């Protein structure tokens, strides 16, 4: 009898469980993984699959029918475009203004020197995210153009497909230094490491990096999508976002 009751309990919980897939910009990996854990404490029977990548590629995948339920973009423009096309059903919300930093794990890096680090003899390769589809790469380019150093340095660039790959280039020695997201500089693997200093780039050097999210047309059919969308406005979620440097 006990086994039957347990089986029925499992069956009932499975029947009412829901699953969603979230595509998010790579800069959100640590923040959203923490938020997901908090959310599932209240929604124990549900499942969330996280897929991280460049915002531009995520947008194109959604346009082509990829089964993502919520889209978090490092550039609000991508979410707005999908909303106007009908591929995102909920009104896009801004989750933060993105910040970019210069970071290196090289012994000669001096965060107090800011952009001057990029001109140092020890710098042979500079990692930035690809400006054509990665918002953080676009802002890195704009900041360097504001200082009239982009054309001088571009022969040294190593382009990451997304901001996480950009960090990986630096960590692996594929690049000596780079421009990355503040959120990744505050993530445990860097913040708790030996090389945890960074230079915060003045946001006046580039256009504002408004970042947003929305429920896709596919996701609008699932109650869990709306629950997670609303959870992003809670104090728990806001505190986690602030921890990783995401502020509005």
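The first residue you see is number 1, and the count goes up from there.
Glycine is no exception: its Cβ is also placed from the backbone N, Cα and C atoms.
From a predicted model like this one, the values you see are computed outputs, not experimental measurements.
Counting only same-chain residues six or more apart in sequence, the Cβ atoms lying under 8 angstroms from the Cβ of residue 163 (molybdate binding site) belong to 25, 26, 27, 54, 74, 129, 134, 136, 137, 180, 181, 184. Among the features that TrEMBL reports, molybdate binding site is placed at 55, 163.
Positions annotated as signal peptide by TrEMBL: 1-17.
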The number of other Cβ atoms within 10 Å of the Cβ of residue 55 (molybdate binding site), counted over all protein chains shown, is 31
DSSP state at residue 55 (molybdate binding site), helix/strand/coil:
helix
